[in-house]
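Written out below as structure tokens is the structure these notes cover.
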């Protein structure tokens, strides 16, 4: 069992920080349990919020900021398959009486002390003696509470001040801002001088090096156009890389909130929900949306048949603005969530040529509305299903195709994920997606290693039973996931990702469920399909 120790990177021990020789901050404690090790520091650092650097930054503020960033860069806690199996056993059979609504009160008291006594565990072995049950209870409590304490030790890395002039009105929550270094910067539209803004960040994948997703807030009524502009530019980046521009780009959007929750708007309606319904979103306030609908009524059919992906037509006096024309051409209802196929037309004015340029692309929209804000969904199986669907599914398989011919080249744009604020439920899903890919990568690595060592065992005539026993033990120690490292990396890209310890536990539960239901011996496929 891990023994949590703390080292606070506060202004009271900056002298310690200066004298420390470790590469993180002021100290490192190694916590171990079998093959699991955890490098962690700054246990009380969650009281400190990071600030953007500026000439006015004091030396103490800078050191605290640096300590937090170095923590997020280096914190790691590899959880082996054996550890995850034990954790899953607790989640599955002995977690029924834990009242999660008391999360904030149960987990920490004064001075962040963990309170074990308030957590009740259902005994797994009612026939065993009371002493053994008591020992089991304490071990189970500590395993669960360790997850929560680990979360509360993390720096948030919030961006404290908006750095883009005039962007305040386009942030859903004043305190949740995009971190500047990874912010999605929108290009200026053709023949426009305005600089668009979106509260969104690029998120790195399981290797922590390449941008793999975009996390953003739920669109507001005043930011729907910018949201779709981000989607368009995300697709267009891939199209521009193709020399002959014959590539078909598939774009996934994942929505993890309802429009209204507890009588509060969480997200504006930014897509048509019903089959064959169309919506128009313009770059400026106008009463000409009906004219746009009429002008594009027949274009969608041509797009579906791949007869055109771009058209140029003379401008008309009534339509002198840029717009997005979006049509719902397919709905697939699944267990707990739904997917939609949307055809999106982006129209902009090429005033120098008196032309209206229309570019079309397809979007596959995932909608999981029954995930309560700041909480866990009732059915984790649904969360795991949608996660695997996002990673593995060729989204077009869910819809009847009307195409006569298909382009020879297909590509996937970065998936765009949002809830309301774009950090809680969005952070959970991103952590699960990266965790799934980490587990699969470790399995594939082991499969390759086994193939190489099989020949050596054959040459040495090692008995099959011993081979299997050695292989099973080695795999259990090598297959696993670094959830702490994943969440820390998410917070480096977008502050506050994963908002509370219940959501942090949810990530563990979902990945435990995957490892047990899929079996670590099954070969995994890391390559994503659209």
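First residue shown is number 1, and so on along the chain.
Including glycine, each Cβ sits where the backbone N, Cα and C put it.
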* Which of 373, 379, 381, 385 does TrEMBL put in the same substrate site as 419, 420, 421, 422, 423, 424, 425, 499? -> 373
* Does anything in the same chain, at least 6 positions from residue 419 (active site, phosphocysteine intermediate), have a Cβ under 8 Å from its Cβ, and if so what? -> 218, 255, 256, 257, 266, 267, 371, 373, 425, 426
* Asked: Excluding 373, 419, 420, 421, 422, 423, 424, 425, 499, which residues of the same chain place their Cβ within 8 Å of the centroid of the Cβ atoms of the recorded substrate site?
  -> 256, 257, 374, 426, 427
* If we count other C-beta atoms within 10 Å, could you say which of the binding-site residues 422, 424 has the fewest? => 424
* Structure fact -> Same-chain residues at least 6 positions away from residue 420 (substrate binding site) with a Cβ under 8 Å from its Cβ, in sequence order, are 172, 217, 218, 257, 261, 266, 267, 373
* Structure fact -> In the domain 'Tyrosine-protein phosphatase' (167-514), averaged pLDDT is 88
